[in-house]
Amino acid sequence: MASSSGTKADSGQPPRSLSRGMTRMATRVLDFPSEGEDALDNLVVPSCLASIAPIFRVANEIEKDNPRVAYLCRFHGFEKAHTMDPTSSGRGVRQFKTHLLHRLEREELETKHQLAKSDTKEILLYYHQFYEKNIKDGEYTKKPEEMARICQIATVLYGVLKTVVPQAQIDAQTQRIAADVKRKREQYVNYNILPLYTVGVKPAIMELPEIKAALRALQNVNNLPMPRMHFKPTNPDDKSTMPTERIKPVNDILDWLSAIFGFQKGNVANQREHLILLLANIDVRHRDLENYNELNSGTVQRLKDKIFKNYQSWFNYLHCKSNLRFPEGSHKQQLELIYIALYLLIWGEASNVRFMPECLCYIFHNMANEVYGILYSNAHPVSGETYQTIARDEESFLREVITPIYQVLYKESKRNKMGKASHSRWRNYDDLNEYFWSDKCFKLGWPMDAKADFFRHSDAMPPANERSNQATGGRRKPKTNFVEVRTFCHLYRSFDRMWIFFILALQAMIIVAWSPSGSLISLFDADVFRSVLSIFMTYAFLNLLQATLDIVLSWNAWRSLKFTQILRYLLKFAVAVVWAVVLPIGYSSSMQNPTGLLKFFSSWTRDWRNQSFYNYAVAIYMAPNLLAAVLFFLPPLRRHIERSNWRIVTLFMWWAQPKLYVGRGMHEDIFSLLKYTLFWIMLLISKLAFSYYVEILPLVAPTKLIMDMPISNYQWHEFFPNATHNIGVVIAIWAPIVLVYFMDAQIWYAIFSTLFGGIHGAFSHLGEIRTLGMLRSRFESVPSAFSDRLMPSSENKNAKKKKHLVVEALVRKNIANFSQVWNEFIISMRLEDLISNRDRDLLLVPSSSSDVSVVQWPPFLLASKIPIALDMAKDFTGKSDDDLFRKIKSDDYMYSAVIECYETLRDIIFGLLEDDSDKMIVRQICYEVDSSIQQRRFLTNFRMSGLPFLSERLEKFLKLLLAEEENVETSLRQIINVLQDIMEIITQDVMINGHEILEAAHYIEGQNVKKEQRFQKINIFLAQNTSWTEKVVRLHLLLTVKESAINVPQNLEARRRITFFANSLFMNMPNAPKVRDMLSFSVLTPYYKEDVLYSDDELTKENEDGISILFYLQKIYPDEWTNFNDRINDHRNGYSVKDKSELIRQWVSYRGQTLSRTVRGMMYYRKALDLQCVLETAGDSGVSGGYPAQFLTEKDEKDFLDRAQALADLKFTYVVSCQIYGEQKNSSEARDKSSYTNILKLMLTYPSLRVAYIDKREEPVNGKSQKTYFSVLIKGGDKWDEEIYRIKLPGPPTDIGEGKPENQNHAIVFTRGEALQTIDMNQDNYFEEAFKMRNVLEEFLKPRRGQRKPTILGLREHIFTGSVSSLAWFMSNQETSFVTIGQRILANPLRVRFHYGHPDIFDRIFHITRGGISKASKVINLSEDIFSGFNSVLRGGFITHHEYIQVGKGRDVGMNQISLFEAKVANGNGEQTLSRDVYRLGRRFDFYRMLSFYFTTVGFYFSSMVTVLTVYVFLYGRLYMVMSGLESEILDSPSIHQTKGFEEALATQSVFQLGLLLVLPMVMEIGLEKGFRTALGDFIIMQLQLASVFFTFQLGTKAHYYGRTILHGGSKYRATGRGFVVFHAKFADNYRLYSRSHFVKGLELLILLIVYGVYGSSYRSSNLYFFITFSMWFLVASWLFAPFVFNPSTFDWQKTVDDWTDWKRWMGNRGGIGISIDKSWESWWDDEQEHLKHTVIRGRILEIMLAFRFFFYQYGIVYHLDIAHFSKSLLVYGLSWVVMVTVLLVLKMVSMGRRRFGTDFQLMFRILKALLFLGFMSVMTVLFVVCGLTISDLFAAIIAFLPTGWALLLIGQVCRPMLKGVGIWESIKELGRAYDYIMGVVIFMPVAILSWFPFVSEFQTRLLFNQAFSRGLQISMILAGRKDKTTASS
């Protein structure tokens, strides 16, 4: 793990000797430059002085309150620092002291006394004052966390007081205060979720009955034997030397276990809370809350069964006795809790040993035995003594149990040489864990014997100064059960059944096709059938190969294997040899006894004695397979047999399937089995039919002709002129076809998975609501669907209640529930700036709907309904009211809008008016309207023609009400005027008898009041009422919104989220439980050094094109930037300039792949839980009237919210594992300090966020500084972080395995709950999706077929990075198709979905007892995610996939980033191929599930490699035919010339190569979710944007890195970077990245195609052949030029010039130690050969063999030169080597001459060059004139000799150590430089030529950023950023 620069260890941590209450993390004040802090505030306390950091923290805390006391604290800190390190020898101590001394000198003069005249009195009085003010009655008024902080300050103050005040002057009162502070400090420790020991005001969570019951159960320790502490008398006068004893008090079961076994306090506190929360959450589910005092009797039993399921499996497997013993008459629940607590304490402190679950079982097994012995006074089985209850120190368990095992892990990890050593040379986590799968683990003893076999390997470790290659020598311990050898043979060994099936099918099809008729019916022919029977011989040989591989590949593990395992391997081999001999003999004898198929069956029973021996042999040979076929259809029986531990069953299974702890009984139920069996039978029939009719049958006829054709006229020196049947040509033709045959099943899988996945998705209701139009049409049913799905089922399933409810009341209830959540969803999108204020208002559902008689729908549904209704009424010609109302009621939304408009206007005006007579007029008008409608004379009493004018005045009236006028009087006068106009229009223009109402009002008042004086008294301040304002806003929208609102929201992301959320409500998901009944869960995010929040500098920093991130994002998201500006500039929010700057940083960061985006997203879970708790706690009445708290008193509201938050705390925890947070805190680097500050801000912003990190300390041990490591959990406090738990580790945890899983593992102990969601650093979440989390968690409990519960819930992802560039779009679509349709089909029906990424939810208890949520062995577990899926399935788990919820995910968006990602995944798949997990799954799955497993994991990458290999094999085969002259001979035959079978068969390969395989599922998924017209359009656009070029290029990436990993290793984590790619990558960068993976191979294929095109004349008229060669030319072009096509500004002329200059500089620079690869070609060249330095001899030999192919060019071409004069002699080839060697020697002479004479003997060097030139010209003249050399020969010679030189270079690289010894390595290096120069120039020239034409650059911009153009953006502004900004500013 790379560490940050600066001080390494964390600052300010008190030593272990201090009491628990003082273990709070000391952290400096946040460094904000604007606050003008002194240097000391930014100075980190050195790690060796960590214990004094709290003193300085307190000084900072009280600085404002009393600067003099703060000074005294710092002075006290300085004295302690000097005492601890008087010589200032510790790292950073001298600087720290110097800075501190300067500050103290200044403060001594500046600070004044405030309370007294002396320092003594000052601190005494301040201490008293602080106590009285904060502590004395604080327990009744302050929160526990606040009390914890205050008590810590008081403790430090007392420490300072004792040094300042003489002992005699410390009065009794001060001492009493100190005693009280000490007592309270022990009660108020920093807590995580449960403040267990708080007195006084109890937090709401501690009042929950389930917590009380769990706590009560754990505190039941009355009948336990108390631990005794031994101590010696401290009195010097006491002459007694006998130790004395005393009982150690314990509070609960965990304290008791801690005292007996010596667990750390931090671990005990952590597991105490963990266990209480587990018990409480399990117990409360479906429990009656009345009389809730004790845990349910089954709760502890259920938890025990789940935690110890793996332990029970382990002891049964080893046939040993369980140590979970419950004697008669014992308190069973207490004993169960002791065992559970013991296991959790072991697990919590096990550090890296957590990856070894069976090792934990072994530790628990022995410790449980000790517990039983202590409780029941048993004798120790070895010593015979009674178990003692002597208390141990708190690190004894770590020291005596964990550290020795850790040391073994650590030393083994050192053997792997940072992942470069062969896997067979060191033991990984799996090897060490599998040691405990054998009963020999009991030889370790207990306490463990340090001399035991397990620990003995350290003898082999050499001293540090010895050569590194000796590290693997000595007494190396063997691997356990499996050896990860680097060879492709693993593919055959793991998936032998598949390869045997395909090979036998191929053999049978060739035999049938070879028959005279060539039809399948010929199988019934006796001779053909007899030939087909030969497949069993092949089967025997393939089984022999399998048995041989079993022995060879497991050789390094033999010493660890049991005798029975070795015996089985040997017997298997012997039996395979016997059958490989017997069957061929039997077959040869059967040739004299022919039998056809019909005769075979009819004569079998009639005349069995006459049957051939071969038939009987085959029957016997196939008997086990027939038995397996019968068992295949009885999965329950197979499962029972495999899981049985009976010795008789084990013996029976010994031959068929060796006993193994994992991988037993992984069989699905019969229904699932039939589903995936049917899938594969259909697929295999299609694949074999295609292979037979397209690939094999058309090729048979020409093959027969070729084999019978006599050929003698070779065009070169043929070494085997007498080879029969032209075997070379047959191989050249058939080899690529055979490769295609083995690869094309992958294509058929893509087709079938697309079809089945699409059908499955349609049946799952995906894409039913995919547009706003569809949403509007179904919105009416959304609230009821929401209530059915997302509200607790008890409310929705009460049928009786529903019967009594009126339909409308039920609808209102549903809408009331729905509106709360919908509005929060809409508001969250507004805060994310996805929608504008207007969009928000149009989308909100009114919260107070009880005032209106109809359902109030969101205004966007009612757009233009009122204007249409007005037009309808105005133009209505009928006489009857019914006709008009029928028209209006025909549209439900229009009817709702009209009624709501009327009733809302009435309420608004009525609310405004203050005068009673005015109100009476309004009331009378309304009465007239209502009575007219009832009496059906509305059209008679009212004129419709006046309505438009009324509507116009109403609009103005509402606008005035919403306007924010500074002058209230002006505003009031305008409102009154318009209101009077409105009333006049109503009474005069609309109402026919309106004047009567006014006259009646005059009459009642009894006086002549003028009409103008009406409606003058209004309540203008009503606008301050939120509810009333809501009504005004809504009414204004109803009246004014036109058709445009149909398209609300405009933002595409907002539309996607709204439609997906609405659609998901109609999908199949479990009903929501109540919050109290839901499963509790945690979210865990690993973080290393990624961006947390972009700084101001990063936002405005411009790249070379003048583009800043901020400018880029403003152009990419213009609507969101506008919305953001509206929000921050809204004066109602009152943002300061500093606030706005911070908000801009957040706005940008939330659009990148930053930690702050991830944390914000995950904290939506908390927000959703809070809302769910509020809704449930409030009940129906509260919800119906809006937010329930508005009807409560302040105290009741606080209690209400506290209870809701307590429930949320109980259910949800979020832990971010910031591995190097401690180092970032101490670092002096600006980036690290920024990361620390931003993480701290996140903790302060989100109080329920927790951060775990690895703290590194330097502590003196025996006079030397030694590093110690801790796992630490912190939370946000008042201003700083506060430490909660600190657990010491046995050593550096991340040095052993892969970084990310180790980071997760150290933090997993701080997670809580029954489920755990793993979230990566590049993910996001959404409020509306978080609301569904409790539904998803119910999947764990949902009853399923076969009584199996899922162990991992797979979730769908939304890729949020696909919005701009075409590359990002390709990657987004590819990834989206995998996480949707791909994983959908994997989960059902194929049942082979694993864990591929991070939104998946784990059954936490299942996984923490089985090795964790990932595997961490170095290199082999590079793709750690998928191994957790493998592990889960192997251990009996079950993985599902759910698409009604989604989580955001970021992906790489630049070409180089994507390639690095693909390389990383290909590396990971290469390592998977070698792994034991893949081997076990491949061997233990049934046949069809194994096929699914293969084609969806390593098979996809192997098929990619075979695709590329097919091109090579085809072209080299053709090269052989052309160069030897065989092709021209064969083509003279007309029957051959007309055959197109070869091309038809090979066309299949190009389908894979062009990436069409990846496009199929993509198109299906887009079609399903967005419509097939959109899908077709997207497909066409993708092709126009060169998607095929991109996918073809990535095919090369996959093939290169997959193949190299298996052959040589070299896998490593590749940091892809997650920033915004708006920059141009230099040519040198691209060359470094792609030279060996693409450019070299592309140029090789280019030369092959050129040579074949020049010398061959094959099938020029064949269109199919053109298609094949076109696909190859396309592949070459893609591999050579894709990085430049997809690189912004590649064809900009200035960029091209700069790139060339940069590349030449890089090529010329010398390398050396410390020079990075981007600075020098030599450094890069050395790094490129790194894999060859560490490869095994097998890899070296294979590399040399592969290099020999390049000699083929020279051998073939020299015989075709004119100068050869058609000679076939071998001498021609020999002379060509003379020429080659001469050229190389001349180049060497020039190189040596330049080095030796270039400086001192310049003239001599010039003469040498002149002589060489003259000699060259003379030789060439002679060759041209005398020997007949031609110009074409020169070009041909270049093509011939260049590959030869490259072959020599490759062989030289492999033989590097030998060549260095000989002294010609430098020549090889210069040859390499020359080749790289040539390749660079060849690739660069087309780029440079195209750069001359300006339109090319414009075309490329359009190509790359078409997505942005289609959204109306101007990417050209981005690519020419500075120019545009300059123009704008001018």
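Glycine is no exception: its Cβ is also placed from the backbone N, Cα and C atoms.
Annotations in TrEMBL come from automatic prediction, not curation.
Check TrEMBL against the ranges 338-359, 536-557 and you find transmembrane segment recorded for 536-557. Sequence-distant contacts of the transmembrane segment (1639-1658) (same chain, at least 6 residues past either end, Cβ-Cβ under 8 Å): 1508, 1511-1512, 1515-1516, 1518-1519, 1521-1523, 1527-1528, 1531, 1596, 1600, 1631, 1665, 1669, 1672-1673, 1675-1676, 1679-1680, 1753, 1756-1757, 1760, 1839, 1842-1843, 1879, 1882-1883. DSSP assignment over the domain '1,3-beta-glucan synthase component FKS1-like' (334-449) gives 79 helix, 3 strand, 34 coil.
By number of Cβ pairs under 8 Å, the transmembrane segment (536-557) is matched best by 613-634 from the list 613-634, 678-701, 1770-1790, 1811-1831, 1875-1895. For the transmembrane segment (1811-1831), same-chain residues at least 6 beyond its ends with a Cβ under 8 Å from one of its own Cβ atoms are 1762-1763, 1765, 1786, 1789-1790. Computed over the domain '1,3-beta-glucan synthase component FKS1-like' (334-449), the whole-number mean pLDDT of the model equals 88.
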